[in-house]
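J.: Just passing along the structure, written as structure tokens.
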Amino acid sequence: MRLMMVNSTSSYFILSTYLNVGTLKYLYFMLTAVLYIVIITANTSLIVVICMNRSLHEPMYLFLCSLTGLFPFLLVQILSDIHTVSASLCFLQIFCLYTYANVEFSNLAVMSYDRYLAICYPLQYNTRMTTNKAFILIIVVWLYCCVRFLITLSLNIRLTLCGNTINSLYCDNYIVVKLACSDIKVNNIYGLFSISLSILVPLVLILFSYMRILKVCFSGSKQTRQKAVSTCTPHLTSLLNFSFGCCFEILQSRFDMTSVPSVLCIILSLYFVIIQPLLNPVMYGLQMSKIRNTCKHVLRYKINLLSTRLSN
């Protein structure tokens, strides 16, 4: 089998999961494009509402601004007849997707700690979790995730590959590493270390936070329990949904999925990329009263303004 150097300008990968659907690809493109626009609009609207309204300049709402995910690469591949991607673009996509996943999970962990402080220490919350601390945490999470995965990427780029077929809708780090002919011992050791950091550390923080929240709920009043449910429901929904999406993606990359129908593999891959960025603004916009009331106020103001202009 011909060796392929991933740092060559002529190197490319074949994405084998895409199906030949003929002219239906234009329909799928339109559906995906509409969904993409909805995701962009919903997330942008949420961020704009939070940034423009001073009453929402609180840690919990600031953390929401970094819970976003995009997938423009899918639109290009749907229209393409030959589903290939250059090595450089493939590694760039791996970096973006994995950084997004790590940032998302880390942010959800920090948000769980924020909810713990709000419920267990309501009187001290404003001093324990200030806006400046929230900004610092967001910056630290992004820098930490980007630097950590840059190391992973630098280890992968040096590999010599003996194949170029990726059984996925988009580039996957572990699948690319499995194509290597060269020694991947260092990659495996650092990969295990990196996975432990990206999963265990946030998970410990999440479990600690919710164990303390449950303890307060069981020993507190009915009002305390209602507050905990109303503030934690969006976060728990987002956390569980993201965890399911990650599990689906890990199973597909780690195990042989040739016996699984291609359509199911595509659905599971799209679940990870699409559902989470679509769910976040819906859940937080509907469940969190301040955001919901602000959106209603803005909408009412625009309607009144439009009515005034039409009457004049």
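Numbering starts at 1 and runs along the chain as it is shown here.
Note: Cβ is positioned from N, Cα and C throughout, glycine not excepted.
Since the structure is predicted, the reported quantities are computational estimates derived from the model, not experimental observations.
Feature annotation from TrEMBL assigns domain 'G-protein coupled receptors family 1 profile' to 10-284. TrEMBL lists 26-49, 61-79, 85-103, 134-151, 189-211, 257-279 with the feature transmembrane segment.
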J.: Under 8 Å, at least 3 Cβ pairs, sequence separation 6 or more: does that hold for the transmembrane segment (257-279) versus the transmembrane segment (134-151)?
T.: no
J.: State the mean pLDDT for the domain 'G-protein coupled receptors family 1 profile' (10-284).
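T.: Mean pLDDT, the domain 'G-protein coupled receptors family 1 profile' (10-284): 78.
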